[in-house]
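For reference, the structure is listed below as structure tokens.
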Amino acid sequence: MVEPSAGNGLLLGPTLATLDEESGYGLIEDGALAWRDGRIVYAGPRATMPHEFALIASPVETDGLVTPGLIDCHTHAVFAGDRAGEFELRLQGASYEEIARTGGGILSTVRAVRAASENELLEASLPRVRDLIADGVTTLEIKSGYGLDFDNERKMLRVARQLGEQLGITVRTTYLAAHALPGEYAGRADDYIDAVIEWLPRLHAEGLVDAVDAFCEGIGFSPAQTRRVFEAARALGLPVKLHADQLSDLGGAALAAEFGGLSADHIEHTSDAGIRAMAASGTVAVLLPGAFHVLRETKLPPLDALREHGVPMAVATDCNPGTSPLRSLRQAMQLATVHFRLTPEESLRGATVHAARALGLTDRGVLRAGQRADFVLWQIAQPAELCYWLGGRLARSVYANGRIIA
Ligand code: NIG
Ligand code: FE
């Protein structure tokens, strides 16, 4: 990936929410943040900043709150078309599964993606990703899964890489060819999985795959089929994550954990055994309150058990045209507080520290010397406001690699 040139700078006066302890916001009032060559060199009280950092760049005096850059660790942000018509059908009573079984749902987006040129797909995706960035996102995971053949999965992953290069953020790509069964494989799901496994090393060889995912569900793929995809990932040394136990409990979270998965995502129906397996393997629980909200779900993820077993909880948008047309991670954090009763601190940690972990990234998610200079200056006084305001633009400046990107 082509990294834009890294920046230097010095902010004096804001409150910092460093998140640099096991708990608490790590608040520092009248703080200083200094960075050089895209890396933080100081995040602490202005009063105790070593003099050498005063010379890095001309200081900018500011108020407001600085947090680590937000990390959206689960999105399907590359797609063409929309599914607003299905949204209307669901409001009239049709279910997500019914629509999927009659050829709508994911497959209708597959038709739109296949019909779009690479450039059209890029143009369709850019505004969404710009919106995510404008509300604080500096690292973004993007899945394939609307191509479902070699050329179209490749096209999606190439567009994901281009978005990162054009917009100056980090994009992590996830191969999700095992998302739905394309029409040409109707009744031959195992043959389709053979193809998915055959495409993977070719796409990986082009540098297009950072992780591997599957939709393990009645309307997706079975645990046995998912296991085969995971074995292919493991053979290439690629980490796995899983759309697990969203609509029913097929033991998906435990399967992800068995493969040392980075994350198990959705997990509304995950059992206690699944959660224990996640705790043992260090697999992050990625909560997706946008899909929960839009599908008007009532089954909550097992939050008490996740807390009890110490499973780190991330929060992501799941930005996609079907279940979560959500273009703000801060809004997902807001939904996580109201629907899932996460505290604002858990929500912020979920979109920074724990989201980094869900992507296997150790160089971001907190404000600390040595970490990437990815951070947001918000025009608010306290961190809870990130989850308090619905809508609006709270980010004053978004920095990635030490440079302002929004
Ligand atoms: O995370 N569950 C499967 N995948 C997406 C939905 C994709 C779609 O409906 O287009 C999800 O909810
Ligand atoms: Fe998803």
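Cβ from N, Cα, C; glycine included.
Cross-referencing Asp149, Asp151, Asp318, Asp363 with the Zn(2+) binding residues that TrEMBL gives (His74, His76, His243) picks out Asp318. Going by what TrEMBL states, the N-formimidoyl-L-glutamate site holds Asn320, Gly322, and the candidate of Tyr146, Tyr175, Tyr185 recorded there is Tyr146. Contact annotation for binding-site residues (His74, His243, Gly322) versus ligand 1: His243, Gly322, each with CB under 6 Å from a ligand atom. Among the binding-site residues Arg83, His179, Gln246, Asp318, Gly322, the residues whose Cβ sits under 6 Å from any atom of ligand 2 are Asp318. The average pLDDT the prediction assigns to the domain 'Amidohydrolase-related' (65-380) is 98.
When Cα-Cα distances from His243 (Fe(3+) binding site) are compared across the binding-site residues Arg83, Tyr146, His179, Asn320, Thr323, the shortest belongs to His179. The two recorded residues, Arg83 (4-imidazolone-5-propanoate binding site) and Gly322 (N-formimidoyl-L-glutamate binding site), have Cα atoms 6 Å apart. The Zn(2+) site, placed at the center of the C-beta atoms of His74, His76, His243, Asp318, has further neighbours from the same chain whose C-beta lies within 8 angstroms: Thr75, Lys143, Asp265, His266, Leu288, Ala291, Ala316, Cys319, Asn320, Ser324.
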